[in-house]
Amino acid sequence: MDLASPSCGCMSTTEHSPECPTGFIRNPHIARMDEDFLYHLGLGTKTHNLPEMFGDVKFVIVGGTPKRMENLAKYLLNEIKHKLPVGTQLSDLTGAADRYSMYKAGPIICVNHGMGNPSISILLHELIKLVHHAKCKNPVFIRLGTCGGLGVPGGTVVISDGVLNDKLNGEHEFKILGNVVPRPTKLDANLAQELKAVASPSDGFQTVIGKTYCADDFYEGQGRLDGAFCDYQEADKMRWLNMLQQRGVVNIEMESSMFAALTHNAGLKAGIICAAIVNRLNGDQITETKETLGEWQERPAKLLARYIRRQLGV
Ligand code: R2B
Ligand code: URA
């Protein structure tokens, strides 16, 4: 069995098999199911009218925490001057599911993904099926997050133009039925440039483009010296960080390889914008005040809002 090949052989973005009319999913089993219930989102094809609820979605924004995503949705609602129907307000659309929180601001949904590749994987499977069931037209997926910077000061905004795994190649290795299935961690090059183009020298912060290293852990997996365990020395850590930097890595975080591999597999336009909250060449601990960290984390959202407004022409 060739697990790397799509199950319905449908790689075209213009022509798709009856099993995957949107092209976002490639799973012949889904079309044969009586109902597809997206368990972690608390939404189903029988219980909800997904095309009516989400058919207008153009931007799917994912980020770490529920609060940040709620605030982002409020901010974007205002930025795109979208008016919610009278008597309604932003609310978590995942209902009783209680794993992720999702807010809808007009054509934008903002959903939190938790920490790490396994958590974002579950969410993305369900979001990709959601845009498929809802028949969304060309939705753009963007991850907004925090990261450790490599040679850039805290507060720098980093737009990813590629993702490296722990073997330093541009793949995410999926473990499926006991097999290792590598899939490319490709992001949309045009989107990265479009996001960079909305940054301005008058922003008061720098925005850079570069490669992202995706780790499965915050401490030893990112070469930190301050975890509960550490069997290496400062010199070993610096050698590794310098080697990453020489490969073009500008930041380190924990969801990019899964995000890039799944969105690319779905044929979706996708990008990642993160705020660096520490320069790892100077240290490991994150000691900035809540206010400073809050302000830094608003920076990617500012670029995102400008990009979306430009796309919507508002
Ligand atoms: C960035 O920040 C989190 C760890 O603190 C993790 O989700 C990530 O990618
Ligand atoms: N998130 C990470 O994964 N690493 C950092 O250093 C900071 C935020």
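One is the number of the first residue shown, and numbering goes on along the chain from there.
Heads up, the Cβ atoms here are built off N, Cα and C, so glycines get one too.
Annotation source TrEMBL lists domain 'Nucleoside phosphorylase' at 58-309.
TrEMBL lists ARG99, ARG143, LEU144, GLY145, THR146 with the feature phosphate binding site. Counting every protein chain shown, the number of other Cβ atoms lying within 10 Å of the Cβ of LEU144 (phosphate binding site) is 23.
According to TrEMBL, the substrate binding site annotation covers GLN222, ARG224. In the three-state DSSP classification, GLN222 (substrate binding site) falls within a helix.
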Note to self: Name the residue among the binding-site residues ARG99, ARG143, ARG224 whose Cβ has the smallest number of other Cβ atoms within 10 Å.
What the structure shows: ARG99
Check: With every protein chain in view, how many other Cβ atoms are within 10 Å of the Cβ of THR146 (phosphate binding site)?
Finding: 21
Next item on the list: For GLY145 (phosphate binding site), just count the other CB atoms lying within 10 A of its CB, please.
Entry: 27
Item checked: Entries of ARG99, ARG143, GLY145, THR146 (binding-site residues) sitting next to ligand 2, with Cβ under 6 Å as the cut-off -> THR146
